[in-house]
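Right, one structure below, let's go through it.
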Amino acid sequence: RPMSTSSESALIIKRLTLKLMQHSWLVSPLTLDPAKLLEEFPHWLEKLSARHQGSIIIIIDSIDQIQQAEKHMKWLIDPLPVNVRVIVSVNVETCPQAWRLWPTLHLDPLNSKDVKSLISAECNSANVKLTKEQEKKLERHCRSATTCNALYVTLLGKTIACIGSTGNIDETLQQCCQCQDTVSLYRLVLRSIQESLRSDKEKGLLREILCVIGVSHNGVSESELMELYPELSSAVLASLIHSLHKMCLLTYGCGLLKFQHLQAWEMVRLEYMEEGENVISAYRQKLVEYFTMQLSRDRVTWRSADELPWLFQQQGDKQKLRKCLLNLFVSQNLYKRGHFAELLSYWQLVGKDKSSMAAEYFDSLKEYEKSCEGEESMICLADLYETLGRFLKDLGLLSQAVAPLQRSLEIRETALDPDHPRVAQSLHQLAGVYVQWKKFGNAEQLYKQALEISENAYGAEHPRVARELDALATLYQKQNKYEQAEQLRKKSFKIRQKAARRKGSLCGFALLRQRALQLEELTLGKDTPDNARTLNELGVLYYLQNNLETAELFLKRSLEMRERVLGPDHPDCAQSLNNLAALYNEKKHYDKAEELYEKALDIRRRALAPDHPSLAYTVKHLAVLYKKMGKLDKAVPLYELAVEIRQKSFGPKHPSVATALVNLAVLYCQMKKQIEALPLYERALKIYEDSFGHMHPRVGETLKNLAVLSYEGGDFEKAAELYKRAMEIKEAETLLIGGKATSRHSSSGDTFSLKSALAPNIFLEHGQR
């Protein structure tokens, strides 16, 4: 429904991210800041696609219902990674202009056979028989654009079955045929339900129930309805809900009653709220009073946190909204359940930027602290300080996040004990801020303290200990202390392995054990392509569990079997070679990785089409490896080949080609070949401008790179002009998203002013399913 939580673009991206992470946990999660989330998602998706062999297909239904979809889902018209496809469903009337150029499948209306089948199924379920003449009348009626869609026809069948089973079918048909769209048909359904009720009191309660649900944020529960209307008995409520649910008006979601379809909500608005905003305001006020009463009893439930701020927003009452948000338990509830974007949007309506909001929360907490007495209230206070610190950290306000996290730590050390596990939690959170702030010395000290407390509290083999070991390992890796990081990761891996075995987890190591038993059977069997594929999958599985030695054995055995059964030049052998190369790359055996990638590339060049995705993967990863090894001359032809592949796949003027051109230009700049880089950047700029317009972020990034080129070439005036244009685009983008996010370079192409080479993306290929 428009303006509902589910139509928030940031929330959609978050859901997509979580779903995609279930398939690849090697890619770190995204930020929670909605502005940065929308900006960074395409870069994150590109990283994910590089590690995932095979296609990623994202399907978004009713995308035109997402709030400001064309603005906030603009990553859809950026060049997507080669192996990513996006399918969206959209209403023809509301489809944004920019999306109409996509390959499109128009869904035809239901034909007469489909109409007859749907209506017959509904009538048969109620033992209602239609004559041939009645069936023909319905078929003739369901021929217009508004009467031949599936919802209308299904509702029509239910209406005929319900009303016709107790009355005159011809009369019912006559009434239905006067309804030329779904909303008017819903009106007929509602009136038939009203006529079936015994008293005016029940009809009045029906109206109240539908209106209260209609003005709520996410729906209303049965218990809330009975508290709102004490005269409503459970028997009457059950009967009403049964009728409304049966006729597709209401449905359940998360224990709440809500409208099953947007048209049902629209019908209730027209039927009961036509008198104007006063009626809607009265029902909103009823809900405000109900949930405010809950707050006054120190009872902040997820329901009051969901509904109250939204209701104040709808009323336009900024003062009450601000007061509600400064109820620390309301904000804590919203944040902990992931309503990050919603919380920020409320503060934007109040007129506060991120820094002002942070200051107000901190002042409110200090005021609340004055009333806290006793251990229980102090522990609760520490939780509030920690939530605020995490919230500010997620917003990127690192300097402001330290104070609340530090205060949370101090309270826990005093109220509990310096060696309490909750103290370790505070230390961990504070260390995370210092890591982001690049204050690695502070972070290391805090992580070590948290590790020591966790080991003393839980024992040396507890998953909490593994968490601290992983955090320390990541910290050491950021400082290029690879040996120390590897030791800690191995220790953490053993702890998690033992924990998973203790739980008997079928998802983790028990699955490996099961696979090992299958392998035992494989070794006794014959060489077959299927067995080779299973060995390859086992190798990938062990690799994902960081057991590189065992993974190497399986991948080698898979390669040997494929070479014997299929021949050394078969594409499946290239898959095994590619996986082994990725494994050696991970182990930093770059020479071995190079040799295997080259063999895989040779096979795929001969066996596959010049624009095949698998060929593109090997080209990309070998090119990145050459670059990492400093073999830039060898990398150049591969980056050139990547341009050719994209041109063959998408045509010479596609934005994906521009991305490949930028990558090649970056390489030339690293080789101090600015003359060769210049025309590539200029061509990429032209493609981006033609595809996206002159104010797109990709245009800005390319202008910035051209500015650096001009500066290094001594043309300072041109450099200044290009840089000014780039900054204008960046400022326009910042205004558009309403944030002050720091500039980030697109992952679509490297930015050559960065001195350090990017780490190569590692991926392993599974067999085809």
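Glycine is treated like the rest: Cβ placed from N, Cα and C.
In TrEMBL this protein carries:
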DOMAIN    113-272  domain 'Nephrocystin 3 helical'
DOMAIN    284-522  domain 'Nephrocystin-3 TPR-repeats region'
REPEAT    424-457  repeat 'TPR'
REPEAT    532-565  repeat 'TPR'
REPEAT    574-607  repeat 'TPR'
REPEAT    616-649  repeat 'TPR'
REPEAT    658-691  repeat 'TPR'
REPEAT    700-733  repeat 'TPR'
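With DSSP states grouped into helix (H, G, I), strand (E, B) and coil, the repeat 'TPR' (424-457) comes out at 31 helix, 0 strand, 3 coil.
DSSP labels the residues of the repeat 'TPR' (658-691) in these numbers: 31 helix, 0 strand, 3 coil. If you take every residue in the repeat 'TPR' (700-733) and average the pLDDT, you get 85. Note: the repeat 'TPR' (574-607) comprises 31 helix, 0 strand, 3 coil (DSSP; helix = H, G, I, strand = E, B).
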